[in-house]
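Chemist: What TrEMBL records for this protein is below:
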- 901-913: compositional bias 'Acidic residues' (COMPBIAS)
- 1-160: domain 'Amino acid permease/ SLC12A' (DOMAIN)
- 248-554: domain 'Amino acid permease/ SLC12A' (DOMAIN)
- 571-688: domain 'SLC12A transporter C-terminal' (DOMAIN)
- 689-764: domain 'SLC12A transporter C-terminal' (DOMAIN)
- 944-1013: domain 'SLC12A transporter C-terminal' (DOMAIN)
- 827-880: region 'Disordered' (REGION)
- 898-927: region 'Disordered' (REGION)
- 17-44: transmembrane segment (TRANSMEM)
- 110-129: transmembrane segment (TRANSMEM)
- 135-155: transmembrane segment (TRANSMEM)
- 271-290: transmembrane segment (TRANSMEM)
- 310-332: transmembrane segment (TRANSMEM)
- 416-436: transmembrane segment (TRANSMEM)
- 442-460: transmembrane segment (TRANSMEM)
- 472-488: transmembrane segment (TRANSMEM)
Amino acid sequence: MFVRLAWIVGSMGTIEAFFMVLMCCITTFVTAISMSAIATNGMVQAGGSYFMISRNLGPECGGAVGICFYLANTFGTDLYILGAIEIFLQYMAPQLAFFGDIHHNPWNNFRVYGTVVIVLLTIVVAVGVKFVQLFAPFSLACVIVSILSIFIGSFQANADNRDVRLCLIGERLMSLPNYKSSPDNVSSTLDAGWCSNDTGGELHSRYCAFDNLTDSYVCDSYWQEHSNNVRYIPGIPGMASNIIKDNMFHHYLKEGEITPGVQGDSNRGEIVADMTTTFVALCAIYFPSVTGIMTGSNMSGDLRDPQKSIPIGTILAQLTCSFVYLSFVLLFGSTSEGALLRDKYGQSQGGSLLAANLCWPNHWVVLIGAFCSTIGAALQCLTSAPRLLQAIARDNIIPFLDCLRVTTKKGEPMRAIFVTAFIAECGILIASLDYVAPVIDVFFLMCYGFVNLTCAIQTLLQTPSWRPRFKYYHWTLSILGVCLNLALSIIAGWYYALGAFSIGAFIYKYVEFKGGEKEWGDGITGLSMLAAQRALLKLEEGDPHTKNWRPQLLVLCKLNADQQPKYRRVISLASQLKAGKGLTVMAGVLEGDRVEMAKKAHIAKENMKRLMDEDRVKGFAKVMVARNITEGLNIFVQTVGLGGLKPNTVMVGWPYGWRQSQEERSWKVFLETVKVVTAMDLALLVPRNIDNFPSDQERMEKSIDVWWIVHDGGLLLLLSFLLKHHKVWRNCPLRIFTVAQMTDNSIQLKKDLEMFLYQLRINADVFVEEMYNSDISAYTVERTLDMEKRAKMLREIKLGRRGTCCEVIIEFENVMFQIQELVDASHKRESEEGTPIDGHSSHSGSTKKLSVHVTPVQSDGEEEKQATLQIDDGNDVHFTFTPVDPAREQLLNTLQSTKDEDLEGSNEDEQADSDNRNVGFNLDDDDERVAEDRKKLNRVRSCLMRMHTAVRLNSTIRSRSQDADLVILNFPAPPARLSAEENYMEYLEALTEGLNRVLMVRGSGKEVVTIYS
């Protein structure tokens, strides 16, 4: 205000300067209104604006804005100290400069004196805030006296009572000859008559040089043209002179210019611009003058009633300052010559300050008042900045600031004071008030913008807790404040604004990633809830478009006795599949009573959330207490999600050790969950050997092999593509394997698949594997899976008597082996003849009979019965069983593992198999039990065919993908009959045996990839 405002008015003109000051004042006034509303909505503790913003916008925004506001106050200390030193050395005691002429080399003097002042003020602040508060009234009194003296002087100043004269050659303002002298010696210079066009005079010698060759003076062209226009005019003609008309419009100069478009020469005494002046640059320099509105809120911790003091004090102070600033613009423009206003350092007056020349009764009133006020403002900034930093550290939202929360016994944040002094010293080294000001602007404007944003959000959300005592606010005013702050930050310098925003964004992400979690009921959380509600209502409940489909995971975790997920790598795999995108829900089930297990459920949920945070999985953790595990998992699959935002993919863990377990529960839970997932039309992921999967710190380099046997909507391709986006799998090549029938054109199939992948924009190598038709048919027709409980049968047979039971086992296994050999021979022969194994043609020729004799113990008095199995050959093979009746019944009961209603669904398949392979039984028609044996042996043959398929596929996969880092293949559908479930588990075991990492995938039947954009 005292040092730069007159220069700003002279450069911008009265109209533009008034508009610029008004815009800055409106910005701070609107911000003061918003801050008053926030400050009266609850108790305001230490930290001022940081406390208000953090409690209303959350710790992330609060930390970012708090650090930026702290830097603004710290560099504000530099601004005021440099201003005080400039007043002291430029206008009060220029003879005390250490490094030559202060007017031509001020920078090192500013650095030395600035460092001394920083040290002294730090000592004062360290003594205590009470001592600083004692100095505040004295500083305020100096400011008031200075302002009043300028008001009085402006109204009574005129050319007669102000000894201020300007020397002009045309439009060029000239400096005094003895510019190095103090302002007190100006009067002796003015009487010398130096401002004239006399030959040999002061001005003539500046523009002309004597040429000894011609014995005459050689003068500059400008002197030759304007030597007759040398004027010596009053610098402060007063209001009555109507000088304001000449000062209405701007007079911007570029660096080094004396008049617009004309370069000047300071060596001749011409007063040239030391910097380029524009509306933007001058606004950036002026704005720190109006940034004192936060001083009261920064001292909120030391106020008796902050809710009452902050609104009243802030608004009254802002209105008072706005009136003074706008009045000074008009006073300077209506009393002084424009050339004098643009004389930044008063060189035309021997280094005097215009505000001091204008005041009444003596220029020392303003000089002393300006010096004391700037020192007081620097002291206030150096007091409030450490307390702000200590408040941020105390909230523990920025971990590396923890050491600064310590205070002395008197409550002084000594460590924060020393840190602030060190940062302020870095600003002092800049040594230029004009270059420090824009840096301060952007930090203050960021803080003001967030204050207005806080008020607007809270008002629009209408949260029940928003009940400010200050009623004179509106959300439109707050939005206006946000726009004005954003515009002014860009005006101050877009590069400074970009730097400030970058610092704020860095602090925001750092607090979000490393900071402690705080629940302050902030407005951002309320805004998020409102946005989520509207998004859910807008999001239709249904399947998204194929282009928007991505796996929304429901991960079913098994919990151990410590309420920890048993398989940690399941979470890592979910993270790698999601790459931080989409919805992820980690779910676990505890068995028991909800009331009794409530504490364990909470512990399990916290453990899951902790592991998710460690693996950086964005999602939710859910733990349910149910009567049994199966019920809980089924409820999760059916109910998790809300509206259109619900999981579309379920990850189920493999039941390891199910063979060794004596209970069926281990694999029953797995199969029941798989059936529910299939019934809900959800995609299914089953990782096998999950402990071998990599963590997020590992890097895989070998291939990802996708065995794409059944089309499932492209889910296998999409998952492999998503995996390669994660850093763990990024370097792995992708290979696609598909299986062709012997009659297919493998070359064309490969070309078609390569074109399909090209259209999908997926880079992968394609391989086609040829297998028997029977293998393909057995794998793809999954819903007709009809396998018997082989493991259960063996266990039940072993429960029989010793001796004859062992004979039954041996003979039964021989039958199994013989049937397998005959089936393999049939495969080979039919393949050579070119007839599909599952075709409808029948073979002619001789038949081979496999006779099975069942001979009971003679003591029971029963006759011997014989069963003959006919197989395509001409020979008879006889196997004779001689079990006792209980053993025979045990065998038949074992083979009778399916119910009558299940048999009805397979009659058609059995009839076809009987026709194709001419397999039948010649039994006595009157023996019903032997007829049952015939049916069960056919079931055994079907069981072995399925197992044969699994073994063949596994052998092919192992031969091509043994060294792959991951194998992804289709997951067969579960059997419809309960009796085939255990053999289904055996089939899955055989299919994935010997593979290191396997991810079995079953799609929902919906397309998840598309070739269209």
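Heads up, the Cβ atoms here are built off N, Cα and C, so glycines get one too.
Predicted automatically and left uncurated, TrEMBL annotations should be read as such.
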Chemist: Is the transmembrane segment (416-436) packed against any residues at least 6 beyond its ends, judged by a Cβ distance under 8 Å, and which are they?
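Modeler: The answer is 3-4, 70-71, 74-75, 77-79, 81-83, 86, 106-108, 110-111, 114-115, 118-119, 122, 125-126, 275, 285, 382, 385-387, 389-390, 393, 404.
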Chemist: With contact taken as 3 or more Cβ pairs under 8 angstroms (pairs 6 or more apart in sequence), are the domain 'SLC12A transporter C-terminal' (944-1013) and the domain 'Amino acid permease/ SLC12A' (1-160) in contact?
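Modeler: Judged by the Cβ rule, the two regions do not touch, with the required three close pairs absent.
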Chemist: With the transmembrane segment (135-155) as the reference, find which of 17-44, 271-290, 310-332, 442-460 contributes the most Cβ pairs under 8 Å.
Modeler: 310-332
Chemist: Quickly jot the same-chain residues contacting the transmembrane segment (472-488) by Cβ under 8 Å, restricted to those at least six beyond its ends, or write none.
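Modeler: Counting only partners 6 or more residues beyond its ends, the transmembrane segment (472-488) has Cβ contacts under 8 Å with 23-24, 26-27, 30-31, 33-34, 36-37, 283, 287, 441, 445-446, 448-449, 451-453, 455-456, 459-460.
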Chemist: Taking a Cβ cut-off under 8 Å, which residues six or more beyond the ends of the transmembrane segment (110-129) line up next to it in the same chain?
Modeler: 77-78, 81-82, 84-86, 88-89, 98-99, 135, 302, 375, 378-379, 382-383, 386, 410, 412, 414, 417-418, 421, 424-425, 428-429, 431-432
Chemist: Mean pLDDT, the domain 'SLC12A transporter C-terminal' (944-1013)?
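Modeler: When the pLDDT values over the domain 'SLC12A transporter C-terminal' (944-1013) are averaged, the result is 80.
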Chemist: Which residue counts does DSSP give the domain 'SLC12A transporter C-terminal' (689-764) for helix, strand and coil?
Modeler: 26 helix, 11 strand, 39 coil
